[in-house]
Every structure is written in structure tokens, then in C-alpha cells.
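Here's the structure we're looking at; comments come further down.
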Amino acid sequence: MSHETVAIIWFGLWGLIWTVYFVLDGYTLGTGMLFPFLAKNRQERNQLQEAVGPFWGGNEVWLITAGGATFAAFPAVYADLFSFLYTPMMLILFALFFRAAGLEFMHKDESKRWQTSWKWAFTISSVALALLFGVAFANLFYGLKIGPSGYEGTFLGLLHPYGLLGGLLFTSLFIVSGALWIMIKTVGDVAQRAYQIARPASVVAAVVLSLFFVATSNRTTLFDNFTKAPILWIVPALTFVCALLMLLFVWQKRIGLAFANICLTIFTLMATGFIGMFPNMLPSRIDEKYSTTLFEAAGSELNLKIMLGVAIVMVPIIISYQLWSYKLFKEKITKETAKGYQ
Amino acid sequence: MSDVLLLSRFQFAITVFYHFLFVPLTIGLIVLIAWMETQHVRTKNPLYRQMADFWGKLFAINFVLGVVTGITMEFQFGTNWSEYSKYMGDIFGSPLAIEALVAFFLESTFMGIWLFGKDKISPKLRAFSIWMVALGTNISALWIITANGFMQNPVGYIERNGRIELQNFWEVVTNPYAWHMFVHTIVSCYIVGAFFVMAVSAWHLLRKQHVVFFEKSFKYALILGLIATTATPFIGHKSASFAAKMQPAKGAALEAVWETKEGLPFHIIQIPDPKNERNIVEFLTIPKLGSYFYTHSFDGKVVGFDQIPKDERPNVNIVFYSFRLMVALGLYFVALCWYGFYLYRKNKLIESKRFLKVVMYSVLLPYVAINAGWVVAEVGRQPWTVYGLMRTAEAVSPISLSQILFSLVSLVVFYTILLIADVYLMLKYAKKGPYASTATKGGEVQHVS
């Protein structure tokens, strides 16, 4: 296996790890965004906490792995991406603090003020994370203002219409994912209310997704790779098909299938983005020559091969015990039995 | 630019200290909880399960902050030390990725299983889950210290394409510097865990409440504390003398050695004067002992600052006093644990109010000691970020002053809020005692012992 081949494999893995993170944390972020609107009392809050409680920590490690894999396999991208996007990255970190603490600390004290503060910390952080990740990845697809001397843009400069549309897209997809997850995991009023939200939210998500694809084709060069190798169109086509199926299944109230399709929508959406970026990892909006490609950023051949070996051994093990944990907690959570975070 | 560098270093120090307020307790406490769960499987005595539930609840509060502050560390090399990351990423990045793959997934997934499944799953599965958490936390320390070990003692690399590239992975993972630090760190974390359990137990024992429960907890922690504190001086000594051999500047700073000497004496009381490159006070001197500490020979040669260029020296005062503080505290922990053991054997532990009070008020000292130890390791390596290869000043990101000010101020504010919440909850649940935390249905668990 040549250095180039293993670098390309790592680009694929890099995209895959980010994608798995968004698919998995999507439902937790969605649950967080909907939390105060679905749960009207302590028992119902317990239900929602328990719907994500056993899993969110393990899911968030996919984000840490994404960071670690970027660092290990593409050090130059790790260095530039996070220092170029310094302010949004810091905001993401702050939101991650309060998402976790909000969820876990909320019921650890009986004071009303305590509970309300952490509850809203959980929700606002979840909204912020969905928006920020959406804006950040839309900007990666769009291209950053990278010039001869590095990053020339500003934080507010990232909030152009296409970036904001990306934020809106992530937010709406995650809300659908969260609402469906809650319906899968719980019974009773919260599940009912989740369905009330899932229906309009699925329409909004599908509309925003369409707008995002139109904007992508008009405003970015992301689809160039697809034009070059038309077989690849199958990926964004799948995004559309899955989104439509999701919509259909939501309205038919076939929630398991709807959830599977929202996950596939997120998956193929991210795949479309990463295929479109290839071989760039830090695309420059100013001039192609300032872009960083995966070949320029890749770590040494030995490092990439060793890390590939570690990933091949570890990832199946991780997936099997994570699946086992989902199986262990497959029972629906009722109002009466829910304990939440005590 | 120098302001950005200074503030970036400040931010790194704050975030790493803050992270390390939670990590040692995670690593130390989980071993005790796993032991309790194992005892529950073996004896079927519900007291052990109750113990695991109570300490597990405190563990969980601490754990979540360890996780979130760890994420800051994971991304901060990129945000604030991008030049370092570009130069070093080929070697430094992989231990971090491996840490996530082999350790973080394990501990986080099984923590979720234990926390939400403990009333559903069998005692054996409870014990298995918590051992997986323990394994994960301990392995994570190994990988992050492997990464840090490279910064202390770069091995297995080649300088190529304007950066450091991996040449021998085996050398990186068997780096003796890393293994010295790993063993020293892990054992110190067990001291933190043991003292935490002893201190909380002492608080209840002083009030004569839940006596059976907290006497047993105290005993478990005391055993771990005895082993860990007794081993630490030997492990720490090996670690320090090895560090001094590999990094003479750090070595010279440990005892503030200004002149290279054979048969270096050791001063129990010593006050360095870095400006004039001498010690102002050298008191209670033991001849030749210093050489023995450094070289295991009373006549061994110890390198002093006279052989080290001025721009390659760390801040002597910080390293010297942190080292002394750590060693003094380490010896105090040994004495305290052995005295506790003596009282325990005499069956006088519960009556010895003064001892229990001393233990209670000592709860934060292991945190001080372990952080002082890291100050020695990290400040002692300065001005290098990677020893001999890259200076800290060359490692910083080209970010603006306003960016670093924004992140530094926000981090301090948010971390303070989280710390206040954490301390409040830890105190609250530690004081509440076992009954409130047990999830067992049908009232109190009986004491059987």
C-alpha cells in the first residue's frame, strides 16, 4: 500500500468518524433542544434523561476520536483548522461543557433555580452545538478565506447565508432525530409531544435540505467532483431519497424506519460533503493554490499504517460493545420507572 | 506576539490544572469502587453494593467534569499550539487517537452502562462494567503520558519534511521516560482516591453515623493508601533521578545545584537565589547524600547550572519549591497512612478523633502534591516544549491578542462556575451519606458484616 493510498483511506476514515459522530450525537443534541418543550414535570424529564443518559458519553467520544484522528493522520489540518476557526471552536468547547453538566447536574439539587438553570444550560448548549457545527462544516464545504499568509477571515465572516443555512440544516435534522429517538425510547405524553414536533420538523428539515443542495450547487464547487465522476451522484441522490422516506415514515408513524432514514440522511449528507471536498481538507475560497489537500497534510506513511491497524482492530470492538449497550437498554422508558440522573 | 505566547501558556496551565483536578480522583477512586463491586460478587453482602453506589455517585459527578475538561485539552493543541501540532503531530497525535480508541470509548460506554444499569444488571455485570471503566481510565493515563513522554524525551523519530516523523513506534511506546512518569502518576492518583475516601469516611465517623459503612470504606481506602504511599517514594525517586539524567537542567533545578560537583551534599533546608546563582541558605546538611540521590553513588558527579547555557534553564524557584513540596507531602502521606494502620490494628481508629480530623483536613493535599509534581515535570522542561527539539516560544498559534483574551477570560469564568457546582455537589452528596444515594428498592439495606 503506497503512502498516497493509505492517506486516501485515512481521509475516508476521517470523514467517517465525523459522520458517525453527527449521526449519534444528533439524537442527543435533538433531545437537548426539545427537552424543556417536551418534558413538563420531573418524571418526564427523567424519561428524557434516561433516553440519552446511557449513550451520550460514548457517543461524544466519536468527537474526541475525530479530533485525535485529525491530529494523528493530518497534523497540518488539525493545526490550521482549529486555529483558523479559533472562536467558533472555543464556543463549541464551552457548549460541550454545559451540555454535559446541564444534563447530568440538573436533578442533583432540589432548588427550583438550580434545576431551571441547568435545564436551560442543557438546551441552549445543544442548540449552540447544532448551529456551530452546521456553520463550521458548511464553511468547510464553501471554502475558507485562506490566503498566502493563512486565514484572512473573521468569525462573523463565517456567518454568510450559506454558513447560516448549514447551521439551520444541522439544527433541523437533529431536532427530527431527537424527536424520533424520544419516540423510540419512551412511552406516554413525552412520546406524544415528540410526535407533534416530529411531523412539522421533518417537513422543515426536508425543505432546508433542498435549499442547502440548491445553494451548494449555486454557491460552491462542491459538486465538481460529482460531475467528474457521475456515479458519485448516487450519494446525494440517496440523501434525498432517505429524506423523503423519512418524511413518509414520520407521517405513517413508522418511527423505527423514520429514525433509520434520518440517520441515513445525515450520513449521506456528510458523505456528499466529504466527497465534494476531496482531495481538499482545507479548501481556500480565495484561490485553489492556498487550499490544503489531504496529501499535503498527511502524516508519515508509517504513522498512517500503524494508526490504520489500530483502527481496524479497535473500531469493531468499540462498535460491538456500544451495540451491546443499546441492546441492554432497549426497553421503553415509562414515566413510572424512569430515574434519570439522580 | 509575546503577549499571545504568555497568555497562551497561561491558558494552557489553567486548563491543564483544572482538568487534573478531576482526573486523579477518577483514576484512584474507580479502583476502590471496582474492588467493592468485586467483593459484592464474592460475598453477596449488600453492604458492598451500597458502598459502590455511594462512592459511585461521587465518582460520576467528578467523572463528567473530567470528560468535559478533557475535550478542551484534546482541541487546544490545535487552537493554541498550531505550530507545535504541525511540527509534532505525526508522533504526538497518534497516542491521543489511540487513547480515544482504546480508553475513552471503554470508560464512557461502560460508565453509561453502570450508571443506568446498576439496578437492572447482575452483580457480576456490575462488577465487569466498573472494571472496564477502571481499565479505561488507567489506560488513558498510559497513552497521554506516552505523548507527554515524547515531549520530555523524544525517541523513535526522524526530522524530515520540516517536521518530526515517526520512525520507530515501538521506541515511542516503550519510552522509559514515559513509563517512569506513568507508574509515578498512577500511584499518586491512587493516593488521591484513597485520601478522598478516607476523608469523607472520617467526616461521618467523627459524627458516629453510618459507622459500619464508613469504617469499611475507610479500611479499603487505607489499604490502597498504604500500598500507594509506601511505593511512591521509591517510584518517585526513580522517576526524578531518571528525569535528572535525561534533562540535566531539570535535574539541576530539583535541588538548585549551581556548580557541577562530585559528592554533592543534601541540604534539608535550602533557599536558592537564582539571580546570583547561589543558595542563600543551606542548613541541616548531610554530606554526599545529594550525589546519592542523583547517581546512586555517594561520590557521583552531579551536573550543575554552570554547565547549562542561561537560555536553556527553567525557572529554578518554581521547580525547586514544587519538588520540595511534593516530596514533603509524599512523606507526610506515608506517615499518616502507617499511623492510621497502627490505629486500625489497635482497634482505635474510630475513637481517634484527632487522627480522623487530620485525615479529613488532608483531603486536598494529595491534589497539591500531584499537581506540584506536574509543575516539576512541565516547568522543569522549559524553555523547551519538546526537549531539545522545539522551544515553547516557537510552538504557539498565530492567533490575535483579542482571541486569546476572549478564550482565556471565558474559560476562567466557565470553569469557575463548573468548579463551584462540582464542589457544592460533592460536599452535598458526601455529607448525605449512603442511604440517600442507594437506589435499592424496599427501604434500607441491612448492614451485614
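A Cβ is built for glycine as well, from the same backbone N, Cα and C atoms used for every other residue.
Marked as transmembrane segment by TrEMBL: B:12-35 (among others).
The annotation transmembrane segment is assigned in TrEMBL to B:55-76 (among others). Non-local neighbours of the transmembrane segment (B:55-76) in the same chain are 11-12, 15-16, 18-19, 22-23, 25-26, 29-30, 32-33, 36, 96, 108, 111, 114-115, 118, 130, 197, 200, 217, 411, 415, 418, 422, 425-426, 429-430, 437; each lies 6+ residues outside the stretch with a CB under 8 Å from one of its CB atoms.
For B:96-116 (among others), the entry in TrEMBL reads transmembrane segment.
If you look at the transmembrane segment (B:128-146), the same-chain residues 6 or more away from its ends with a CB under 8 A from one of its CBs are 23, 26-27, 30-31, 33-34, 37-38, 52, 56, 95-96, 98-99, 102-111, 113-114, 117, 121, 172-173, 175, 178, 181-182, 185-186, 189. According to TrEMBL, the feature transmembrane segment maps to B:128-146 (among others).
Residues or ranges marked as transmembrane segment in TrEMBL: B:177-206 (among others).
A Cβ distance under 8 Å defines the sequence-distant neighbours of the transmembrane segment (B:218-236), meaning residues of its chain 6+ beyond its ends; these are 28, 31-32, 35-36, 51, 183-184, 187-188, 190-191, 193-198, 201-202, 205, 326-327, 330-331, 333-334, 336-338, 340-341, 344, 349, 373. According to TrEMBL, the feature transmembrane segment maps to B:218-236 (among others).
Per TrEMBL, transmembrane segment is recorded for B:318-343 (among others).
Annotation source TrEMBL lists transmembrane segment at B:355-377 (among others). Within its own chain, the transmembrane segment (B:355-377) is flanked in space by residues 16-17, 20-21, 24, 148, 152, 181, 184-185, 188-189, 191-192, 195-196, 198-200, 202-203, 205-206, 236, 240, 243, 250, 254, 318-319, 322-323, 325-326, 329-330, 332-333, 336, 339-340, 343, 349, which lie at least six positions past its ends and keep a Cβ under 8 Å from the stretch.
Here TrEMBL flags B:404-427 (among others) as transmembrane segment.
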Remote residues contacting the transmembrane segment (B:404-427) - C-beta distance under 8 A, at least 6 residues beyond either end: 4, 7-8, 10-11, 14-15, 18, 21-22, 58, 61-62, 65, 68-69, 72, 79-80
In contact by Cβ distance (the transmembrane segment (B:318-343), the transmembrane segment (B:12-35); 3 or more pairs under 8 Å): no
Distal contacts, the transmembrane segment (B:318-343) - CB-CB under 8 A, six or more residues away: 191, 194-195, 198, 222, 225-226, 229-230, 232-233, 236, 240, 250, 253-256, 272, 349, 352, 355, 358-359, 362, 365-366, 368-370, 372-373, 375-376, 379-380
